[in-house]
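Each remark here refers to the structure printed beneath this line.
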């Protein structure tokens with residue numbers, strides 16, 4: 001056989017190997033099958049509360065003109081991201097938990113990974129922008145309208161969404177360009193990058209270097225900026241003359257930092273240490289922490305403690321009651 005024929009046959013074999021995986025099998029918590037029914041009920045309740053909470057925030061801010069300021073418009077974008085983030089993952093995960101053999105198509109896995117990365121990266125930068133907005137409002141109240149004008153707000157929001165698009169397109173395309181041969185079993189509940197990458201039958205070293213560097217930029221840099229912003233905010237709060245004002249501000253900052261730490265902390269462990277010593281089941285729980293809990297907690301943390309949001313909800317409810325009684 002000639003050299004050209006040999007090369008041609010090798011290319012065909014590689015293509016066959018690459019295309020042989022038309023679907024993946026999601027192993028779920030296969031070591032604890034008795035817990036999967038309980039998980040279904042818990043995850044369903046979390047998803048419904050998440051959708052309702054974030055949808056209410058989006059609607060109220062849209063309808064109330066007095067809330068059309070950067071702080072609440074950032075919150076509206078965050079709620080939209082959280083709503084979409086949960087919807088991309090949770091419904092399919094509920095189906096997976098109730099199926100005898102949980103499968104996902106190659107294209108479905110690609111789409112799920114793409115949107116997980118897209119909304120995850122967007123949320124990272126949005127949380128950073130929100131922390132900067134609070135820093136400007138609390139530490140520089142007189143110049144805040146100049147610092148956070150409409151143009152700056154639009155740039156920060158657009159940067160967050162465009163960064164999500166770019167990073168998810170590059171990373172997902174690269175992951176699914178690897179051959180997967182006959183490896184089909186993903187040891188996870190959904191298509192997240194680290195467990196899918198473990199199935200690749202090719203050298204993934206360059207991608208892992210890129211992914212590590214990208215995660216440092218996407219996760220750690222915004223997280224450090226958030227910590228610096230809140231550190232400055234706390235020093236400003238300590239100089240406040242009112243004890244009540246200090247307590248309220250401390251409480252709000254602590255709540256925000258709890259949400260941020262939960263999201264960035266678990267995400268950084270998953271993506272900065274994809275081959276860490278943690279067991280597969282521990283990694284699944286970490287993934288669930290930032291995928292389920294963060295979208296659930298954000299509406300509670302950023303809205304229920306906010307008097308303006310409570311006032312807007314009450315006003316909307318009174319308007320609805322008046323309309324029905326008229």
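Using the three backbone atoms N, Cα and C, a Cβ is placed for every residue, glycine included.
Counting residues 6+ beyond its ends, the transmembrane segment (39-63) has Cβ neighbours under 8 Å at 29, 72-73, 75-76, 79-80, 82-83, 86-87, 90-91, 93-94, 97-98, 292-293, 295-296, 298-300, 302-303, 309, 312-313, 316 in the same chain. TrEMBL lists 39-63 (among others) with the feature transmembrane segment.
Feature annotation from TrEMBL assigns domain 'G-protein coupled receptors family 1 profile' to 53-302.
Taken from TrEMBL, the feature transmembrane segment applies to 110-132 (among others). Proximity of distant same-chain residues to the transmembrane segment (110-132), defined by a Cβ-Cβ separation under 8 Å and at least 6 residues beyond the stretch ends, is recorded for 71, 74-75, 77-78, 81-82, 84-85, 88-89, 92, 104, 156-157, 159-161, 163-165, 167-169, 171-172, 175-176, 190-193, 196, 218-219, 222-223, 225-226, 229-230, 256, 260, 263-264, 267, 291, 294.
Tertiary proximity for the transmembrane segment (152-170) is limited to same-chain residues at least six positions away from its ends with a CB under 8 Å from its CB atoms, namely 70, 73-74, 77, 114-115, 117-122, 125-126, 129, 132, 214, 218. As annotated by TrEMBL, transmembrane segment applies to 152-170 (among others).
What TrEMBL records for 209-228 (among others) is transmembrane segment. Sequence-remote contacts of a segment are chain residues at least 6 beyond its ends whose Cβ falls under 8 Å from one of its Cβ atoms, and for the transmembrane segment (209-228) they are 121, 124-125, 127-128, 131-132, 163, 167, 171, 174, 193, 257, 260, 264, 267-268, 271-272, 274.
Panel annotation: around the transmembrane segment (249-273), residues 120, 123-124, 127, 131, 134, 138, 192-194, 211-212, 215-216, 219-220, 222-223, 226, 230, 233-234, 237, 240, 283, 286-287, 289-290, 293-294, 297-298, 301-302, 305 of the same chain, lying at least six beyond its termini, place a Cβ under 8 Å from a Cβ of the stretch. Taken from TrEMBL, the feature transmembrane segment covers 249-273 (among others).
Residues or ranges marked as transmembrane segment in TrEMBL: 285-304 (among others). Only residues 6 or more beyond the boundaries of the transmembrane segment (285-304), in the same chain, are considered here, and those with a CB under 8 A from a CB of the stretch are 43, 46-47, 49-50, 53-54, 56-57, 75, 78-79, 82-83, 85-86, 89-90, 116, 123, 188-190, 192, 255-256, 258-259, 262-263, 266-267, 269-270, 278, 310.
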Overall pLDDT of the domain 'G-protein coupled receptors family 1 profile' (53-302), taken as the mean: 87
